[in-house]
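Trainee: If you scroll down you'll find the structure; I have some questions about it.
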């Protein structure tokens with residue numbers, strides 16, 4: 001700030017005169033003076049001068065505005081010089097101007113805004129687009145055009161729309177260029193894009209083609225082919241000319257120019273054909289101004305004024321509206337009682353050196369009120385609604401997107417801060433709700449450099465002789481996936497073949513070299529290997545790299561080429577052997593309920609039949625046997641007792657249906673148990689594993705360790721295992737002998753492990769869903785292209801063929817046995833035979849006990865009658881006769897009488913039925929006679 005004031009004082013020393021006009025005026029002066037400072041012979045200045053002059057005429061001819069006061073705009077030419085522009089601005093500070101239209105240059109605006117703040121004179125620039133000028137640092141600087149903040153946001157959204165990730169920025173190295181590119185960098189970063197290289201060019205007039213060529217040669221060696229050019233017209237055309245000479249305007253390149261180019265195209269069209277030829281396919285932004293009757297009328301008037309020699313561009317329209325803005329603000333200023341008065345700045349008077357004539361610059365007393373009215377102005381101008389946002393930027397920023405083609409150009413769409421990219425004019429979308437979804441972002445087709453209608457890829461491998469450094473893990477286990485060829489830096493395996501096949505599908509060469517990672521004694525940490533991409537040690541990582549959350553935060557992965565996820569593998573045993581397998585279809589509780597219901601139904605039927613059915617009557621012992629026999633015989637539908645009561649039959653029918661379902665279910669379950677192998681493991685999955693305190697194995701270098709710790713398993717329970725052999729040994733030992741209860745690892749490893757280990761199986765479900773991919777730096781376009789190549793490999797079957805080449809193994813002998821029926825062995829039925837044998841033995845034992853009891857009674861009777869014990873042969877004969885003797889006749893007769901009684905009852909009922917049928921015809925015949 002002190003340096004600035006010293007500079008101002010020096011200017012005054014060199015004779016900057018003072019009109020010394022400072023004093024009080026009337027509330028409605030006859031004349032109000034406004035300054036104007038810009039470069040008259042520049043692209044913008046030529047049209048701005050005419051537009052300002054015409055606006056002053058229109059304002060002064062409007063009787064409803066500035067009633068009785070004439071607006072005078074004093075123009076000052078800055079001659080494309082930042083120094084002269086600042087001097088001109090300081091000259092205005094010595095006069096009675098209440099506002100200044102300008103400056104045109106952002107560089108001058110930065111310098112003079114400090115003076116404007118001090119002297120309270122508003123500066124209204126229709127061309128200074130530097131986004132940093134909108135800060136609170138410069139309250140008396142108003143931008144009456146769109147800020148480059150929005151232009152760079154539009155550029156970033158175009159880059160995002162076409163799917164590009166990196167751009168190169170070529171810019172003029174001053175406040176205008178640097179701050180504009182900084183805004184572009186921020187806008188790209190918000191969309192996960194970035195500027196990969198910034199190439200600044202000196203803003204001086206001494207820049208030569210050689211200087212520009214040096215910059216563009218460096219750009220040509222870069223990876224990105226998306227180039228954003230932010231410069232002034234002379235420098236911009238030189239860049240295009242040199243780029244065309246170097247072949248950088250051909251196929252594969254994308255050039256996006258800021259609105260400096262459209263200001264030339266609109267005001268100087270048609271350009272010479274040689275200039276148009278060097279810009280073919282360039283995308284250009286232009287500040288959008290909606291169509292209106294006033295705009296069309298002014299355009300017609302413009303053509304008459306210039307004779308068609310000078311076109312009307314957006315900066316001319318903004319300059320025209322700026323004059324009207326000042327007029328509206330002054331009218332409100334006077335209506336509010338404002339007066340044109342100036343007072344001395346005591347700060348300037350306190351500076352030593354009276355010969356500097358600092359009293360020539362004075363403070364505009366009405367500056368704050370005028371500034372307030374400027375910010376509150378709201379009218380419809382040639383550029384559309386003219387109103388300021390709270391941040392002092394114009395409302396509804398929008399841009400046209402132009403494509404240079406042939407001898408002219410065409411509009412391919414619009415961008416607005418309200419709705420993004422569209423093919424409809426922004427003003428037609430303001431009445432609708434904003435929709436920034438990707439499906440709503442549209443542009444018409446573009447003809448790119450090289451007359452190419454296909455969207456350029458946007459990047460190439462840098463032509464600097466460097467190869468990509470691809471990190472590859474040195475595995476010591478599961479070498480089918482990745483293994484180093486001894487004595488070389490070459491690798492082989494499933495992952496390497498997939499990467500090579502995908503690279504071969506790319507439409508460009510990928511020079512690369514494999515860099516081993518690991519000590520060769522144990523599997524390396526894949527997370528550490530992936531992190532080396534972020535430090536620049538690797539340009540990518542290839543191998544069996546699991547795509548997990550903590551890795552995706554730092555790198556980008558390709559499309560997964562192999563499905564993966566953590567699973568639990570544990571020992572198992574078969575359950576379909578054993579003599580008591582027939583009891584397994586039902587649980588103990590089920591067996592108990594079935595038994596209770598058999599007895600319950602038997603008792604219920606006995607109660608319902610006891611009074612009416614003789615088969616359910618008799619001595620208590622006989623009735624108890626009847627209940628048991630009836631209920632159990634229903635299991636085989638072999639009950640002989642008839643039910644005569646309605647309730648009894650209803651209960652029996654329902655119970656027989658239940659028995660049918662139970663029998664069917666039992667048969668089906670028992671069939672499955674006897675014919676299909678049943679595998680059992682005490683571990684059911686991850687949850688049951690967490691509930692125990694037994695050790696768990698994991699593969700060295702795998703992310704499984706981190707995952708298990710995150711879900712709450714103590715690190716003390718985790719055991720690192722380095723090979724499939726260690727897996728098998730630890731599982732066979734079990735937790736009781738220094739082994740592990742289970743191993744948690746990724747599915748591809750486990751499937752390869754189980755191909756020759758038949759004693760273990762996967763238990764439970766896969767509890768993470770991920771895959772394997774190749775890792776590259778964030779926003780790497782190679783990751784996107786390789787993802788497309790991997791999908792192609794999957795669709796044409798090459799991925800499966802590579803899998804079969806490396807990972808197909810003969811399945812375990814038990815693998816097929818699980819799907820086949822086992823032969824039925826004696827041990828599966830030994831329990832049934834044992835029960836039947838025991839029942840037969842008990843029955844025979846009871847029978848022989850009864851015979852022996854009868855034999856003793858018979859022997860005593862014979863001894864009493866004969867008076868002797870008899871010989872041994874006679875006793876044996878007596879025993880055999882008892883065994884062979886038929887049952888007691890009386891018991892047989894009682895049973896026969898019971899049967900005869902039931903038969904006679906049935907016959908009696910039949911006879912009665914026949915008699916009744918005989919009588920019916922007789923009665924009917926007698927009725928007929930009568």
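Backbone N, Cα and C define each Cβ position, glycine as well.
Owing to the predicted nature of the structure, the values given are computational and were not obtained by experimental measurement.
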Trainee: In TrEMBL, which of 843-886, 887-930 is tagged region 'Disordered'?
Mentor: 887-930
Trainee: Choose the correct range: of 650-676, 677-703, 704-730, 731-757, which one does TrEMBL annotate as transmembrane segment? Give that range.
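Mentor: Of 650-676, 677-703, 704-730, 731-757, TrEMBL gives transmembrane segment for 650-676.
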Trainee: If you average the pLDDT over the domain 'Ionotropic glutamate receptor C-terminal' (469-809), what number do you get?
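Mentor: When the pLDDT values over the domain 'Ionotropic glutamate receptor C-terminal' (469-809) are averaged, the result is 85.
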Trainee: Tally every other Cβ atom lying within 10 Å of the Cβ atom of residue 758 (disulfide bond).
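Mentor: For residue 758 (disulfide bond), the 10 Å Cβ neighbour count is 14.
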